[in-house]
Amino acid sequence: MPSPPAMLLGGLLLIVASTTVAQRRGQEAAGRRRAHRVQHGQCSYTFVLPEPEPCPPEPEAFGGSNSLQRDSPAATLNLGDWPSQRMRQLEKMLENNTQWLQKLERYIQVNLRLELAQAQQHMVQNQTATMLELGTSLLTQTTAQTRKLTDVEAQVLNQTSRMEIQLLETSLSTNKLEKQLLLQGHELHRLQGHNSALETRVQALETQQQAELASLSGEKERLRRLLGRQSGALAGLERTLRAASSNSSLLQRQQHQLLESVQRLVRVMAQGPASMRAADQLFQDCAEIQRFGANASGIYTIHVANVTEPRKVFCDMEASGGGWTLIQRRENGSVNFQRNWKDYKQGFGNPAGEHWLGNEVVHQLTSRATYSLRVELQDWEGNEAYAQYEHFQLGSEAQLYRLSLSGYSGSAGRQSSLVLQGTNFSTRDADNDNCLCKCAQMLSGGWWFDACGLSNLNGIYYPARHHVRKLNGIRWHYFQGPSYSLRTTRMMVRPSGI
């Protein structure tokens, strides 16, 4: 709705416009105008005041339009005063208009000043409220940010504390491992010294044994000569006794004594050391050595048919009746079992420690007679188990040393961890298994893998505390599971029926 000053200004403009319309012709003739300008802030108001058109004298003043008048000096004088009177009237009207405009300007200025002050006050109040709202918002945001920073600081402190604790634990673990490593180093040096002492003792025992063998050989030769002399003496005595037997009881008693002496001598010769008698014999396996009288477990030499050179083997004369020929042993990881086909064919390692006798030797042994196989196992907790097969045979190299087993028994599982029939031997350079994945390369070692199978006693040797979850370790599935690497293993054979 328009304000009162605006309405008053509009009314004044309407009056001025009406006057202007009535007197437009006079204005155009005169060509003179008056303007009044009002300035208010950035806005200005300009009022144009036209000059009023002079009114001509009425016709009656000159005596009528249709009558002839005489020239009169008085009439002429009145007509000459009319413009000046009209000018005074217009000036007075202009002065009045000017006064009205000034009053209007003052009224507008006063009212506009009040409205401007009110608007400014309202604006200040709005700005103050806005600033208060902004301040409150900023304070709220600052509080929230401070809270977040406090939370982040607490999290950083917690994380720092955890990291310090982890660092301390890591440091303690490192110190513990260093101490364990130092202790293991000392233990290793001690074992090396002990091993050197044992080697020296073994060498001394070998030297002593060789000396005893030489002494026994000399004793044997001396006994042979003595036996020859005794035989000659007995022959002479027999002749003498025949001559005097009819009438000499004394000679009969002497003859009886001599016969007893000879019998004792023969028994002494028959009870000589088994090792001295075994030196002149050739044995094909440890069972023959045991039958000949040797009952001590150790290293012996055997001569296997169709094998050109004699082989040193370890004979177990105690387990399950003895007479076992070892074909494999794992105990400390000192021998690398990551070998090729040729190595597994010929054999490798030391018979007194870790070794593989050789597929060709085992094939020749098991092809001339029926053999049994015994597998002995021990885990890292000291538990022992065995698996025994009454019939064991290994095919030739042309047959890829194919495994044939039957008659399973033992404590190493409810069933065999070896495939009983038709499994070929595989190595890293000879993939003969029934899997596309090349089990020998994936699981390591040489073995009868089949389709990677349930066992592999020639896998990687893992020490204590590193022996679990090892698929490529020394495994026997039905004893300790598919990924438990065992501590020791032995495989040995002997003729069936013993």
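The backbone N, Cα and C atoms fix where each Cβ goes, glycine too.
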Would you please say which range out of 35-59, 85-109, 160-184 has the annotation coiled coil in Swiss-Prot?
85-109
CB contacts under 8 angstroms to Cys439 (disulfide bond), restricted to the same chain and 6+ apart in sequence, sorted by sequence, are Ser426, Asp431, Asp433, Trp447, Phe449, Ala451, Cys452, Gly453
DSSP-derived class (H/G/I helix, E/B strand, else coil) of Asn158 (N-linked glycosylation site)
helix
Compute the C-alpha separation of Asn295 (N-linked glycosylation site) from Asn158 (N-linked glycosylation site), stating it in Å without decimals.
71
Closest of the recorded positions to Asn306 (N-linked glycosylation site), Cα to Cα, picking from Asn96, Cys286, Cys315, Asn332, Asn424?
Cys286
Return the count of C-beta atoms lying within 10 angstroms of the C-beta of Cys315 (disulfide bond), excluding that atom itself.
27
Check the disulfide-bonded residues Cys286, Cys452 for other C-beta atoms within 10 angstroms of each C-beta and report the one with the most.
Cys286
